[in-house]
Amino acid sequence: MENWSLISLCVLLGLTSRWTVSFHSYSGAGKPPMFGDYEAQRHWQEVTYNLPVHEWYFNTTNNDLNYWGLDYPPLTAYHSLVCAYVAKLLNPEWVELHASRGYESHSHKLFMRATVLFTDILIYIPAVLLYCFYFCDGSSKQKVAAAFCILLYPGLILIDYGHFQYNSVSLGLALWGTLGLGLGWDLFGCLAFTLALNYKQMELYHSLPFFCYLLGKCIKQGLTGRGFFHLVKISMTVLVTFALCWMPFLSDPKQPLQVLHRLFPVGRGLFEDKVANTWCSLNVLIKIKTLLSRETQLFLSFALTLLFVLPSSLKLLSKPTLWQFKLALVNTSLAFFLFSFQVHEKSILLVAFMLPLLLKDGLLLPYVVTSLAFLFLSLYLLSALERSTEEELRLGLYCKLTQRWLPKLNLSRIIKWKFWFSLVAMAALSFTSMWLKPPAKLPDLFPVLVSVLSFLHFLGFIIYFNQVQLMEPQRKKSLKKTN
Amino acid sequence: TVMAAPMTNDQSCFFAQALGVSFLKCLLINAYHSTDFEVHRNWLALTHSLPVPQWYYEAMSEWTLDYPPLFAWFEYGLSHIAWFFDKEMLVVQNLNYASPATILFQRLSVIVADVVFFYAVKECCKCLREDKGKDLLGKPSFILTVLLLWNFGLLIVDHIHFQYNGFLFGVLLLSIARHFQNRHFEGALLFSVLFNLKHIYLYIAPAYGIYLLRCFCFTQSNAEVSGFSVVRLVTLGTIVLSTFAVSFGPFIGQLPQVLSRLFPFKRGLCHAYWAPNIWALYNIADKAFSILGVKFKLLDINKLPKASMTGGLVQEFQHSVLPSVSPLATLVCTLLSILPALFRIWHRPNGARGFLCCLVICALGSFMFGWHVHEKAILMAILPLSLLAVESREEARIFLILSITGHYSLFPLLFTTQELPIKIFLMLLFTIFSLISLKTLFRKGGALLNPLEATYLLGLIPLELICEFVYPLTVWQKTFPFLPLMLTSVYCALGVTYAFIRLYISLLTCSDSTKKIKTQ
């Protein structure tokens, strides 16, 4: 079968699964007075359409920041504005100032879901297809298989089409940025990533690798001469893009400050709810949230994040290849997730670990189906379990360590067993969260267990991926020129 | 990044397909469901709560039991499992009861019943000619698996609109597979079971009758009386009669009542949405003549009956210019349409392949000329035709035309905005796959579809855009709301008629196959 037909089949299946997930409930459905993220997005359409720009981020009589005030950068606001124009055409009641608070109807839900699908098709899906075709190894069938698995990734589908958010825009733009860098179009990559950053400040997690990669590349080209010139071009692109995005807010110095204040709420605590990061898990043993002062918490989180981010960034700086870049993306974002301040569980976009959130939204069925489908599909199409010999898993360092004391240890078999064990643990936790009632003394038992389990996994991942990145041998048997 | 080699094992590929399509069906649990959902809930309730003699008399709900007894027993079995999901759904008085547990149970029952269909598809793949040396995606068995498992019509009728066709077609395909495998007794048994599950399969009973008589009871290929095996005939008869006895046995005393429920002839010539058959063309011709007649003052507008057939209701009505059609007339037309095919396989039987071809013609003929045909019945022709499509070039192109138009004619069944993207995505999925895979399979010998056929099929795209997007925004939407449906039916009727004629030509002109069909 020809490639384009296989791709179109995969895309159609991806789109179908996305739209069928959207049949289900969204966050805060039918839960006044605050509702949820869905209402937040609708509210932003209302605010951006009816109020002038300089009032969007400020607390005024018309704009109550306590009721889902804007806390994403300007690009989200512009996107909401465009959606609001369309909404006004279809049904003005949807964006009526004040009167449309808590508006819920079947046609409105269809409209909101349609906006997500539209941006997904426009930005995210082409990026995934291009990425798989240019930067994946193997035959064209394997590339299609990879694209298919990525398109069916449950986390994004469940959050965007279930809970309701627009992560596909920011992630898609970041992916375009990666594509740009990979193809050697650094300026385009910068532009795309800066746009992603201006859409959701969460993309800061990915900004350090971009910075280190480009800086490293410029240094390699020689800081006097071509490298310097390149650096200037990159900086100009970034600055101009920022200026264009923030233009309406640059007239008055108070504006950008207020926007930044909304984007980075340091007034809130170290964490909220149950997140699978260090602080929340540590809190189970020692109550850090109450023990340490706000300043100490900030300092501690900053220090630890820096500590975990530094090795991988420095390595990338010294060796700016695409493979290092990808590894650095994983490491840096994991580090930020685990150690930084006020992290929300959605930042991780790894499915099983958002289980409590999804249960609250009434998304149990799509969660079960999409997770199982993704798991099965990845195992089947990507044969992950078959290709896990020691060499392929790059377990070299560990092997050397354990060889001395436990020569008979078959590490790859252990990894496989650990994989199945994790799956069983996840399934068991899903099951118990759904059906069993927690004991009265520990009402949050299951969400905490989910967070702690996930945290342990992430800790393992960050150590593993750091090891892979830092220990990369000098001569990698790379096949592609851009690897 | 580490990537893997593509799948090489046929078994695991089939399992992956089955699992994949089941996941998709699970995601469709929350989609729109039609009144058929309430129909089946009602049947669960009445088989569970009422004693057997009252099953065919119960009329509290308008959706009375109108399937044969074996299906009622099936519902009875299901109702015992339903009891654990939500007891309230089994109360007959709870009309239109649709709690989340009820929806979950009913949808899951369809998904689980589809296991029969999966098994049947697997058996059918074994009946295909072996084709070694091709890569997986080009193998006829792979293509057939996808064409059957991911059949668009079956997916939306069963898992959105709500019916149990997957299960029933599983039994049909299994019966066909058994005939291919020369296990004729099993095939006959399966067919009589199928007939007792849903009597619409009466349409294809003639094909079974003639084939079994000619190819099985006459043990020699030249129909000599000496070769006639009475034993086989009697065994077949016993099998069929005993199935009927088991099914209708408890209802022997109420046979007239059961039959009146099973064959409600008070309904009109055409179902509300006009199946794309001959009568759709007949109706439109009648309408056209009456309009022209009024315009040219040949007819008096006051003498014409009111335009009731173009409303959405199911009524009996009279035609204005052309003669009215009675149920007997449709029966005669149907018989006339399938007789040549039956004669053909009597005189020159082509083994199981000829039987299958005749079966499809019987299904299609009954669809074309039958009384009160529902457009879902096109699936009875499309699914068996898939088996022929992966083996013969001519049948592949007929299949493409029939399946694409047939599936498109099912669009009006899902009229909600929420399901619009689903039906478009799934239709594109199936169409792209069938076109590309069959084209690749038969690439030797030029293009599969000639330009006229390709243009006709492409014409479905503007038709969909007009009917679904443009027309609702015009002024005529209020005065002539039925127009898009009429357009759809008539356009598709052309395609279906064309496919029917071509299929007939293919049957009547094919030479006897000298190669033996793969037998077990």
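From the backbone N, Cα and C atoms, a Cβ is placed for every residue, glycine too.
Taken from TrEMBL, the feature transmembrane segment applies to B:12-33 (among others). Sequence-distant contacts of the transmembrane segment (B:12-33) (same chain, six or more residues past either end, CB-CB distance under 8 Å): 103-104, 107-108, 110-111, 114, 118, 122, 125, 136, 142, 145-146, 149-150, 155, 159-162, 414, 416, 418-419, 422.
Distant neighbours of the transmembrane segment (B:97-121): 18, 22, 25-26, 28-30, 33, 37-38, 40-41, 78, 81-82, 85-86, 88-89, 91, 144-145, 148-149, 158-159, 162-164, 166-167, 169-174, 177; these residues of the same chain sit at least 6 beyond its ends, with a Cβ under 8 Å from one of its Cβ atoms. Feature annotation from TrEMBL assigns transmembrane segment to B:97-121 (among others).
For B:141-157 (among others), the entry in TrEMBL reads transmembrane segment.
Panel annotation: around the transmembrane segment (B:200-218), residues 168, 172, 179, 184, 188, 191, 194, 224, 227-229, 232-233, 236, 338, 341-342, 345-346, 349, 351, 354-355, 358-359, 361-363, 366-367, 370, 377, 380 of the same chain, lying at least six beyond its termini, place a Cβ under 8 Å from a Cβ of the stretch. Among the features that TrEMBL reports, transmembrane segment is placed at B:200-218 (among others).
Residues annotated as transmembrane segment in TrEMBL: B:230-252 (among others).
Same-chain residues lying 6+ beyond the ends of the transmembrane segment (B:321-342) with a Cβ under 8 Å from its Cβ atoms: 206-207, 210, 265, 269, 278-279, 282, 285-286, 289-290, 293, 299, 357-358, 361-362, 365-366, 368-371, 504, 507-508. The transmembrane segment annotation in TrEMBL covers B:321-342 (among others).
The annotation transmembrane segment is assigned in TrEMBL to B:354-371 (among others).
Counting residues 6+ beyond its ends, the transmembrane segment (B:422-442) has Cβ neighbours under 8 Å at 28, 31, 137-138, 140, 143, 146-147, 150-152, 155-156, 160, 389-390, 393, 396, 399-400, 403-404, 407-408, 411, 414, 448, 464 in the same chain. As annotated by TrEMBL, transmembrane segment applies to B:422-442 (among others).
Annotation comment: TrEMBL describes B:454-476 (among others) as transmembrane segment.
Using a Cβ-Cβ cut-off under 8 Å and counting only residues 6 or more beyond its ends in the same chain, the transmembrane segment (B:482-505) has close neighbours at 273-278, 280-281, 284, 310-312, 340-341, 357, 360-361, 364-365, 367-368, 375, 378, 394-395, 397-398, 401-402, 404-406, 408-409, 411-412, 456-457, 459-460, 463, 466-468, 471, 476. Per TrEMBL, the feature transmembrane segment maps to B:482-505 (among others).
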